[in-house]
Structure formats: structure tokens, C-alpha cells
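Okay, handing you the structure first.
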Amino acid sequence: MLLVIGLGNPGKEYQYTRHNVGFIAIEKIANQYNSSFSTKKKFNCEIAETISYGQKIIFIKPTTYMNLSGKSVISVKTYYNIYPAKSFVIHDDIDLETGRVKFKTGGGNGGHNGLKSIDGVIGNNYNRIRIGVGRPQNNQDLADYVLNHFSKPEYKTVMQAIDRITSNFGLILENKLEEFKNKMA
């Protein structure tokens, strides 16, 4: 069983912001596996489930806002008894240029509050699919930057990255993590 977590903030006003790139990606991946989200209040998230490559996949979008994402993750992880090593978090990363994707297992949170929240409840030995959103320019406040919408060219670049993640996601299901990592580089 795999747990796939897309990080973002609930609400239409955040839908296409840089901080919600995890939500955008997980919706596209779940859709590829003919799975749709429904709200599960007991887990504080939207959840979608499917079976592929002989294993159950649980997709979640926390509805707690970014800084409390761990609350949803620990609820689902505990209920389904999923190990952190079988968890994949998809999130925005300001330290990567827009549209760049990196895959890694474990490590620090890089100041990302959603990852801090998850680290606080399950540790940091989980997998991360980092989607670059770039850094703010001209002394723009970081919070304002990540909560702002993409420009049209940025959005196109990010969607191409998400398409690459989606088309190669089967490698994760086949436990070919190194091959997935190489495809993202």
C-alpha cells in the first residue's frame, strides 16, 4: 500500500498558487488512475483510492492548510498502517527553478511548513517529489510569493513538469524509484 500526499491549501483562492502545486499534481495523477477525491472529515482531507500494479494507492489532499498537513497525514497513516517509507509527498520548492523536479527520500524540510508539520508526526524518512516554483524577485515577501498565482509562462512550465511526473508515476508503483528519480532529473 502506498500513501501519496499532495500539499496545498484548501479553497478556490489558493487553487492555482505556487504553494498548491502539490494539489495540482496529485489531482492529475489520481485522475490518470481513474480515481476521484471525496472529503473525509475524520481524516481532515480529501481522499481518493485505487488499485494499480497489484497494490492499493491512497491519494490525499489535506484540508487543514499547509502548516497543519501532518494532522491529516498521521490520521491516514495510522488508520491504514502505512510506513513512512511507503509515503510520497508532492510539494512546491522555492529552491528549485520553476518547473524543475527532484525526487529524494528523507532529508530536511528546507523551511517548508507543510514538511515541518509532517516531519513532526512521522519523522522524515518519507519520499518527496519536489516541484520547483522558483524564488521571489525584487525583495517580494516569500509568503506573498508562494500564495500568488503563476504567470502564464510559469504555469505552462509547471504543467509540463506535472505531466512528466504523471507519465512516469508507474515507476513508483513498480518500486523503480531510482529510475523515476533519473527521469525527473
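Just so you know, glycine gets a Cβ as well, placed from its N, Cα and C.
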Quick one: which of Y14, Y16 does Swiss-Prot put in the tRNA site with Y65, N67, N113?
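As annotated by Swiss-Prot, Y65, N67, N113 share the tRNA site with Y14, chosen from Y14, Y16.
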I'd like to know which of these recorded positions, N9, N67, N113, is least surrounded, judged by other CB atoms within 10 A.
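Each of the recorded positions N9, N67, N113 was scored; lowest Cβ tally within 10 Å is N67.
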Give me the largest Cα to Cα distance among Y14, Y65, N67, N113, the residues the record lists as binding tRNA, in Å as a whole number.
16
Taking the Cβ of Y14 (tRNA binding site) as the reference point, list residues of the same chain whose Cβ is under 8 angstroms away and which are at least six residues distant in sequence.
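Residues satisfying the criterion: G8, N20, L147.
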Least buried of the recorded positions H19, Y65, D92, going by other Cβ atoms within 10 Å?
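Y65, out of the recorded positions H19, Y65, D92, has the fewest neighbouring Cβ atoms within 10 Å.
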Write down the Cα-Cα distance for N9 (site 'Discriminates between blocked and unblocked aminoacyl-tRNA') and N67 (tRNA binding site), rounded and given in Å.
9
